[in-house]
């Protein structure tokens with residue numbers, strides 16, 4: 001009898017716990033209306049926080065929130081001593097690691113690519129650095145370098161820069177966060193502005209519109225000054241920090257991010273898109289007049305690289321706009337997920353099915369990748385053409401005694417016929433300040449050859465150009481010989497007569513030389529006579 005009564009009491013206790021205990025603990029808190037005037041002053045007094053939430057007691061809630069701690073807050077203002085982990089729960093730990101690894105790998109490549117471009121177009125390597133287009137490439141490369149530098153700074157720190165501890169997000173008061181945030185913002189803004197300026201300059205070059213050089217300094221100073229303003233304005237409201245969707249510190253306040261980056265970026269994208277379409281139209285007109293379909297191949301690469309940068313910026317802008325419009329929904333899903341964690345912690349595990357609160361890895365991965373491909377796109381567009389090779393071959397780093405002792409960059413022992421003329425033409429084109437993507441040089445060569453009645457495919461290999469030059473020079477020499485033979489032999493085209501004419505020409509030359517020598521002797525005699533007098 002006693003044993004039956006004992007089991008009956010246990011059954012009542014278990015039934016009461018399963019049916020009444022958990023709703024009373026949480027639901028009464030969530031549905032309660034606190035009599036306190038300030039929301040968030042009512043806490044769930046428990047030291048237990050369901051994973052992955054972390055427990056941290058706070059006696060100064062508002063102060064700790066300003067220091068980067070994100071306490072769990074329910075819709076009715078109820079607070080707990082549980083905080084969100086850093087990095088955020090919008091991605092799994094594996095997803096965060098994947099994105100960080102990709103970022104560091106691609107950023108490292110872009111970092112050294114930007115250094116290569118900076119060296120190539122700097123006064124150290126490039127004697128014709130003081131023109132608008134070269135300054136634009138150099139400045140854009142420096143902006144990309146700054147963007148990638150913030151990732152390189154994370155090689156050892158990884159998540160510790162944005163997450164000083166597993167419970168705290170970095171804010172502007174953290175020196176590393178502020179410095180990297182400023183560098184990243186200035187690099188992004190200046191790179192976008194100079195990229196826009198380069199697209200406009202490319203259009204001016206193709207259409208042969210000359211802009212006064214006095215504006216070069218004005219535009220360089222103006223772009224950097226505007227970039228500095230957009231960089232330091234958010235500092236006023238302490239808007240720099242580490243967010244829920246980032247790998248590094250940037251502007252947290254949406255209004256400041258909108259005014260100091262997204263609106264300028266959208267304006268630059270619209271403007272650059274129009275300019276790119278105008279460039280494509282100009283190139284189309286040139287090739288339509290040439291009646292050669294294959295000639296378009298010489299310009300596909302530079303134009304695709306220019307357009308790819310535009311797509312990269314468009315994706316960054318579009319995805320960020322998508323996150324901004326979905327932010328309220330994402331926060332609601334996170335609140336529902338956290339509520340589900342508390343409910344399951346008070347009941348049997350998995351008693352409640354928690355809603356999906358995470359973002360998909362693919363779009364966010366592509367967002368980070370697009371930013372870090374800027375350096376790769378830059379070196380493809382501006383670092384892989386004949387002009388860059390010429391700059392490096394003539395630079396002090398390559399063209400010196402030490403390198404020349406062990407390496408030779410000459411393709412052969414003999415100098416091709418007409419090489420001087422070709423070098424002179426290339427130098428003149430290079431001094432015209434474009435020569436960076438190769439497109440303008442090819443267009444000008446094409447126009448010149450159309451005027452002369454010679455149409456060839458532009459953008460060919462250097463060897464083909466040399467062979468064509470040699471063939472043209474040989475043809476010119478043969479024509480000259482034929483003309484001489486024709487003049488001396490009354491247009492007789494037989495090979496034997498040509499040889500005889502050559503011999504006659506040689507004899508005539510020898511006779512002329514003898515006459516010149518006799519003349520020189522007579523002159524010397526006259527001079528001596530005068531001296532004697």
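Counting begins at 1 with the first residue displayed.
For all residues, glycine too, the Cβ spot is worked out from N, Cα and C.
Sequence annotations record features per position, and here Swiss-Prot assigns coiled coil to 501-528 based on sequence analysis. In the predicted structure, the coiled coil (501-528) carries a mean pLDDT of 43.
The compositional bias 'Low complexity' annotation in Swiss-Prot covers 466-518.
According to Swiss-Prot, the compositional bias 'Polar residues' annotation covers 519-533.
Under the heading N-linked glycosylation site, Swiss-Prot lists 76.
What Swiss-Prot records for 1-21 is signal peptide.
Summarising the annotation, Swiss-Prot assigns topological domain 'Extracellular' to 22-103 (among others) and lists sequence analysis as the type of evidence.
Look at Swiss-Prot and you will find 125-134 (among others) tagged as topological domain 'Cytoplasmic'.
A Cβ distance under 8 Å defines the sequence-distant neighbours of the topological domain 'Extracellular' (156-177), meaning residues of its chain 6+ beyond its ends; these are 54, 56, 66-70, 83, 85-87, 96, 100, 104, 235, 238-243, 246-249. Per Swiss-Prot, topological domain 'Extracellular' is recorded for 156-177 (among others), and the stated evidence type is sequence analysis.
The topological domain 'Cytoplasmic' feature in Swiss-Prot is assigned to 199-216 (among others).
According to Swiss-Prot, the topological domain 'Extracellular' annotation covers 238-259 (among others), on the basis of sequence analysis. In terms of DSSP helix, strand and coil, the topological domain 'Extracellular' (238-259) has 6 helix, 6 strand, 10 coil.
Per Swiss-Prot, topological domain 'Cytoplasmic' is recorded for 281-302 (among others), and the stated evidence type is sequence analysis.
For 324-360 (among others), the entry in Swiss-Prot reads topological domain 'Extracellular'.
Per Swiss-Prot, the feature topological domain 'Cytoplasmic' maps to 382-533 (among others); the stated evidence is sequence analysis.
According to Swiss-Prot, the feature transmembrane segment maps to 104-124 (among others).
Tertiary proximity for the transmembrane segment (135-155) is limited to same-chain residues at least six positions away from its ends with a CB under 8 Å from its CB atoms, namely 100, 103-104, 107-108, 110-111, 114-115, 117-118, 121-122, 129, 161, 176, 180, 183-184, 186-192, 194-195, 197-198, 201, 216, 220, 223-224, 247-248, 371-372, 374-375, 378, 382, 436. Per Swiss-Prot, transmembrane segment is recorded for 135-155 (among others), and the stated evidence type is sequence analysis.
What Swiss-Prot records for 178-198 (among others) is transmembrane segment.
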Top Cβ-contact partner of the transmembrane segment (178-198) among 104-124, 217-237, 260-280, 303-323, 361-381 (pairs under 8 Å): 217-237
Three-state composition of the topological domain 'Cytoplasmic' (199-216), taking helix and strand from DSSP: 11 helix, 0 strand, 7 coil
Three-state composition of the topological domain 'Extracellular' (156-177), taking helix and strand from DSSP: 8 helix, 3 strand, 11 coil
Residues from the same chain, set at least six apart from the ends of the topological domain 'Extracellular' (238-259), whose C-beta lies under 8 A from its own: 68, 86-88, 90, 99-100, 103, 150-151, 154, 161-163, 169-174, 176-178, 180-182, 184-185, 323-324, 359, 364, 368
DSSP-assigned states of the topological domain 'Cytoplasmic' (125-134) in counts, ordered helix, strand, coil: 3 helix, 0 strand, 7 coil
